[in-house]
Every structure is written in C-alpha cells, then in structure tokens.
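As recorded in TrEMBL, the features of this protein are as follows:
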- 26-49: region 'Disordered' (REGION)
- 61-79: transmembrane segment (TRANSMEM)
- Gly67, Ala69, Val70, Asn74, Ser263, Asn295, Leu360, Asp363, Ser364: Na(+) binding site (BINDING)
- 91-112: transmembrane segment (TRANSMEM)
- 133-160: transmembrane segment (TRANSMEM)
- Cys172-Cys181: disulfide bond (DISULFID)
- 225-242: transmembrane segment (TRANSMEM)
- 254-277: transmembrane segment (TRANSMEM)
- 289-312: transmembrane segment (TRANSMEM)
- 324-343: transmembrane segment (TRANSMEM)
- 349-368: transmembrane segment (TRANSMEM)
- 389-414: transmembrane segment (TRANSMEM)
- 420-443: transmembrane segment (TRANSMEM)
- 464-485: transmembrane segment (TRANSMEM)
- 497-519: transmembrane segment (TRANSMEM)
Amino acid sequence: MGPKEVELILVKEHNGVQFTTSTLVSPAGHPHGHGHALGPSHGHTPVPGEERETWGKKIDFLLSVIGFAVDLANVWRFPYLCYKNGGGAFLVPYLFFMVIAGMPLFYMELALGQYNREGAAGVWKICPIFKGVGFTVILISLYVGFYYNVIIAWALFYLFSSFTGELPWVHCNNTWNSPNCSDLWAFNNSLNDTHKSTPAAEYFERGVLHLQDSEGIADLGLPRWQLTSCLAVVIVVLYFSLWKGVKTSGKVWIDAATQICFSLGVGFGVLIAFSSYNKFSNNCYRDAIITSSINSLTSFFSGFVIFSFLGYMSHKHSVPLDKVATDGPGLVFIIYPEAIATLPGSSVWAVIFFIMLLTLGIDSAMGGMESVITGLMDEFKFLHKHRELFTLFIVVSTFLISLFCVTNGGIYVFTLLDHFAAGTSILFGVLIEAIGIAWFYGVDRFSDDIEEMIGQRPGLYWRLCWKFVSPCFLLFMVVVSFATFNPPNYGTYTFPIWANMIGWCLAISSMTMVPLYVISNNSTRKPNTHKLVKEWDENI
C-alpha cells in the first residue's frame, strides 16, 4: 500500500459545529473511496460523502469529557472507599491502577474513537470479531442510565425542598417521622442507641422514598408522583440536551480497579463516542493526560472535604467514624444534608450543594446517553436521519424503566441495579477492549494510527501497558471479582435469591454480547469473504 492523501472539505458550520466530508485521494489526484475492511485493517479510509459532526471548539470536547468523568462517584464513592480500605493506604492501589491501566485505557479509547470516527460498536470495523464488546459497553451505559437518572431526580427533589426558611430534615415533628427519631438539636444528643435515627435519615427514607410502605423488593407499590415528576424533568432536560448531538454538550484492589473505571468513565463507550466527533488531527494524547489528571485531583479534593464533614458529624454525635461513613445515597442524602443543616444560612448552602449535585449528575447522564445513541446510530446508519425520534425513544424507554426506582420500594431496585449493572461487567468489557486492540488489531498498528493523527508515536510505556500490563491486570481483576462476589444489601435488608439471580442475568446479558456476536458473525459469514478482502486490498 502506497501513501494516501485525505481531502477534508468543510461543508457547513452551524451553531459552532462544523460538518465535514472527507475523500480518499489517489496519487493521480482522482478522488475515490472504498468500504470498510472486513478484517483487521490499517489506514484511515473514510467513506466519500460521509458527514460527521465535529466539536466547534476544542474546549467543548474537554469540558464534556471532564463533565462526564467528574461525577457523583467522586463525591460519594471515592471517599467511602478510602475510608473502608484504610484511608491513605487505598491511594496506593488507586494510583497504581491509574498509572498502569486507567490512563493507558483512557488514552486508548480517545484515540480509538477519534481515528475511526465511530461509536462504541462501529470502531470495531478495524477488527470485526470484537464488535460484540461495543454492544457490551452500550448495554452497560443503558443499564446505568436506568438508575443514575433517579439520583439526579432525588437531588432535584431535595433542591425544591431547600427553598424554605427551615430545612425539612432538621426536626422530628414531621408527619413522616417515627417514634425512633432523635432530634438533631437535642442537648448532648448521642446516636449510640442503635434504635435511634436522625431527622435527616428519616427524611430520606421515610419522607422522600417512603420506604416504610414497602416490605422489600417484592412489594414495590406504585411510583410516587413527586419523584416521578422530578424524574420527568430530568428526562426532558436530557432529551433537549441530546437531540441535536454533541453541539449542545484482594478486595482493596477490586475496589480500586472498579473505582478507576467508574471515575474515569473507561468501558462505558462515552470516551469513544465523544472523541469520534474530534477533528482527525486533534492531540488526543494531551487530552488523555489533562482530563484523567483533573479527574483524580477532583477525587482527592472531594475526599478532603468529605472527611471534614464526616469527622464533624462523628464528633457531634460522639460516635465512631464508621457509624457515619457510608457510601452511595446515604452519604449524599443523609450525612451531607445533616451537616449542612448546622451551618448559618443552611437553606442557602443546601440550594448550592444540590445544584452542584445536579450539574455533576446531568453531565454524566448526558455522556452515558450519548454513548448509547451514538453507538447505535453509527451501527445502524438509517437512524442518522431520525436522531430526534431515536433520542426520544431512548430517553422515554429509560424513563419507563426508571419508574421502578421511584416506587415505595424503589431503593431496593436501585441498589440491585447499582450492584450488578456495571461491576464485574465493566471490568470484563475493558479487558476485551484491551485484548482486541493489543493482540488482534496490534499495538504497532494502533501506534501507527496515533502517529498519523498527532504526528508522534506513543512511547514504550504506553505500548507495554496496552499489550501486557493492562490486559494481565484486568484479567486478574475479573477473576478475583467473580471469586469474591458479595450479594447486595440495603441496611439490614437482604435480597432474596431470585432478586440476585435477576441481577446476575442483567450483568451477564451485557457480557454475553461478545461471544454471541462472534457466533452470529461466523454463522452468517459468506464463503467468498476472503475474495472480497483480496479485491479490496488490490483496489487500494
């Protein structure tokens, strides 16, 4: 194959977004184009006349990626994992995994999407046998959206509740309070009595969730109209942010590995989707370093702030720190509001805090939705003409599934989804991605692609991580994750066996996309495929 020249033509620019068309130019100067390779391919061969949005400004891409990566996991998951796994000791595996896997895989996904200019499934035209992992990450993003939007709805509910002279989670004299409620302002109050609960805890579980009206996951009840309304507002905001495209927007080691994937956003297909709208020559290496570093620094900073909150609450109630250090919704919707209620002008601080949660959540929810939409639209080209309708279909479907999480027993559905949707399955998805790029497409080929885009070849460190270190470490993490599985629980509630089986079906359904696609691809492959590949190579 001789040198190729790509002619890039600016077709139009609308609202800061450039639409371009690219054509492969022959040495003689006559443009021509070809379809995608049927096997592992090398070289950038765009389809003639194909248009693709690009980010109007470089800062739009950076802010979108940072907005997706810096999310609620930085606020409630990272600080709790630090505490649970020995405080500063947790930073050792966290930083280690960041260096050998997080940043290399982050860089890999940005480069993969930018070079191939496709979503999570379409990028695997470079090695079609691995296209199933594209559908794996799309499903994971879809599953996470089923419950992630509910967190934003809770934050919106709390925001509305904060516009009052006295915050509703301060006292025990409300209609939802139980006899076990212990007034936050009681003199010399202590929560050592295990039967007592704070007004903040009862407001979340009894005033917002109405958990007292449910006996478990088998007794959900109907969706609550207040939370349903908040969820509907979130869905409407997501739709109008997405409908036009990107122009608008041991055990310690397992925890560290999963946190890296959650926090950086590796394995959700979002980085691939976002970077696919970059200009071909964009410096994705610099982007990977900047965004991953900002994300980690944000996690560290939030950890300092949150431990200040937790230490204050531990001292206030004269209880050990482990009594107030919880992860997930309990930290954000019980501990934080309770601490905020002690500040002068507490209503103002509460409004500011929940606006922050909304912005963190909306950015990440948009990224997850965009991964699903871009991934499926690039795979099924006819959807490009109907982006608005397809986006509407995705967000409405997500809304309908999410209604299960806003019922009286919705927190049980939420916990089940949170435990199974993106745990072991996301580690598995990233592992297959790494194997596909490193061992089937080839690190040398991939490095050539990056050099073609940014003018410099990845260093030895990146190539060694892609080929050996990251895949081996991810494989170890997946095996240990299966071996050390712990069933989910919410407080003292233990999920029945059938609920855990449903959870495993959810997790396995995304992982099985890899073998299912291989099987279906082999069964439908035409006998003259090798002839087509040969003809394609001869034409080039």
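Placement of Cβ uses the backbone N, Cα and C atoms for every residue, glycine included.
Locations of recorded TrEMBL features on the structure.
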residue	record	Cβ within 10 Å
Gly67	Na(+) binding site	18
Val70	Na(+) binding site	25
Cys172	disulfide bond	21
Cys181	disulfide bond	20
Ser263	Na(+) binding site	23
Leu360	Na(+) binding site	21
Ser364	Na(+) binding site	26
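Among the stretches 91-112, 389-414, 420-443, the one making the largest number of Cβ pairs under 8 Å with the transmembrane segment (289-312) is 91-112.
Among the binding-site residues listed here, namely Gly67, Ser263, Leu360, Ser364, Leu360 has its C-alpha nearest to that of Cys181 (disulfide bond). In this structure the alpha carbons, written CA, of Ser364 (Na(+) binding site) and Cys172 (disulfide bond) are 35 Å apart.
Remark: the transmembrane segment (349-368) contacts the transmembrane segment (61-79), by the rule of 3 or more CB pairs under 8 A. Between the transmembrane segment (389-414) and the stretches 133-160, 225-242, 324-343, Cβ pairs under 8 Å are most numerous for 133-160.
Tallying C-beta pairs under 8 angstroms between the transmembrane segment (420-443) and each of 61-79, 133-160, 464-485, 497-519 places 464-485 first. The stretch in closest packing with the transmembrane segment (324-343), judged by the count of Cβ pairs under 8 Å and taken from 61-79, 133-160, 225-242, 464-485, 497-519, is 61-79.
Take the transmembrane segment (133-160) and the stretches 91-112, 464-485, 497-519: counting Cβ pairs under 8 Å, 497-519 has the most. Sequence-distant contacts of the transmembrane segment (225-242) (same chain, six or more residues past either end, CB-CB distance under 8 Å): 149-150, 152-154, 156-157, 160, 208, 248-249, 362, 365-366, 369-370, 373, 391-392, 395-396, 398-399, 402-403, 406, 410. For the pair Ser263 (Na(+) binding site) and Cys172 (disulfide bond), the C-alpha distance works out to 37 angstrom.
Across the candidate stretches 61-79, 91-112, 497-519, the maximum count of CB pairs under 8 A to the transmembrane segment (464-485) is reached by 91-112. Cβ atoms within 8 Å of the centroid of the Cβ atoms of Gly67, Ala69, Val70, Asn74, Ser263, Asn295, Leu360, Asp363, Ser364 (the Na(+) site) belong to the same-chain residues Ile66, Phe68, Asp71, Leu72, Ala73, Gly265, Thr298, site residues excluded. Take the Cα of Cys172 (disulfide bond) and measure to each of the binding-site residues Gly67, Val70, Leu360: the nearest one is Leu360.
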